[in-house]
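Comments concern the structure below.
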Amino acid sequence: LHNPFSNFNHLRASISLSPKFIHSKPINEIALYISSLLQRCTSLSCLKKAHAKIFAFGLQHDTHLSTKSAILYISFNSIDAASILFEDIPNPCSYLWNVMIRAHATEGQFHRSLELYSKLMEKGLRPDKFAFPFALKSCAGLSDLQMGRLIHQHSVCCGCSNDLFIDAALVDMYSKCGDIEAARLVFDKMSERDLVCWTSMISGYAHNGYNSETLEFFDMMRGFRVKPNRVSILSALLACGNLGALRKGEWFHSYVIKTGFESDILVATAIMDMYAKCGSVGLARTLFDETSGKDDVCWSAMIASYGIHGDGRQAIDVFDQMVREGVRPNHVTFTCVLSACSHSGLLEEGKGYFGLMREKFGVAPKLSNYACMVDLLGRAGQLSEAEQLIQAMPVE
């Protein structure tokens, strides 16, 4: 089909070609013409115009054009439009199935991603090596260990057992699903390990309570000359705090300064939290006061630090300062301040802050907030009131 508008910059003019010119051509040439328009789409608006041509010429049931359009919608982050097209295609090709699985996982739509994966397998189609990591990511996001194991088996059956990206996704999935031993088995069999794999193992050990192993793995990673990232440093600091390993924590503090991570608010908060857990609340407060750009996580951590050491008054002072400085508290912040009140026997103060959650800050109490209040009332001997509060707790 002759197309005088072959230049990318003339796409809009090309889309506006005379209907008389188009209708004079056979349907297969019209399809080729629209396919060429799709191929040159560089924006969502251009894609929508080209897609409109498909309907204008009654080609909405053309599988090739629909598939191409769906893939383009995904590339422009319009997954809903892609999903509508996908559902209307009678027999989508394996490639489109895999693209849809990846797209939904990338958007955090993990249930939908795994639903598509299951349907793909039911139809006897094969996932490609690029779909497996995203299906495993969905399992990790949902903590679905059973499905993760099944996908692991599928990847082996499809001959993808030595793929770096799939193995990295397996390590991450098993770690986040709590099966740290399976994660380690996959890790040890890998012929090549990148930063993502090391970080997944370190984070997995830390968040599953294997604190000593976290620090050992961090040192091992550095021994292999793999440069730690923020996640691995946060995991190591968490392990130091849980172990009360002050000396090791001080080393990490120095390492953070040396590597330039001290300006990262999450890392700064983790250092402060580590010192507090190791008993150095004064040093934690000094670091807190020196930290600029404190967010709600940082404020909440300082409140919690005073709370775990039984200094409820200081926790309340920090909370009040947080509000004065215009940082909005969330339900986690209130959990910290209510817990601090509970451990310090500040009954009336705790009641007051619980009431302020919804009244002043518009924060709906969650189960953790109710649990703190029940604990506070119980410690104060207000058992009848605690029972009434339990009856009023929402079901999550």
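Just so you know, glycine gets a Cβ as well, placed from its N, Cα and C.
Marked as repeat 'PPR' by TrEMBL: 93-127, 194-228, 295-329.
Model confidence over the repeat 'PPR' (295-329) stands at 97, taken as the mean pLDDT rounded to a whole number. Here the repeat 'PPR' (295-329) is broken down by DSSP into helix, strand and coil counts: 26 helix, 0 strand, 9 coil. Long-range contacts of the repeat 'PPR' (295-329) within its own chain (CB-CB distance under 8 A, at least 6 residues past either end) are made by residues 265-266, 268-269, 272-273, 276-277, 281, 284-285, 288, 336-337, 339-341, 343-346, 349, 353, 361, 363. Shown for the repeat 'PPR' (194-228): DSSP residue counts in helix, strand and coil, namely 26 helix, 0 strand, 9 coil.
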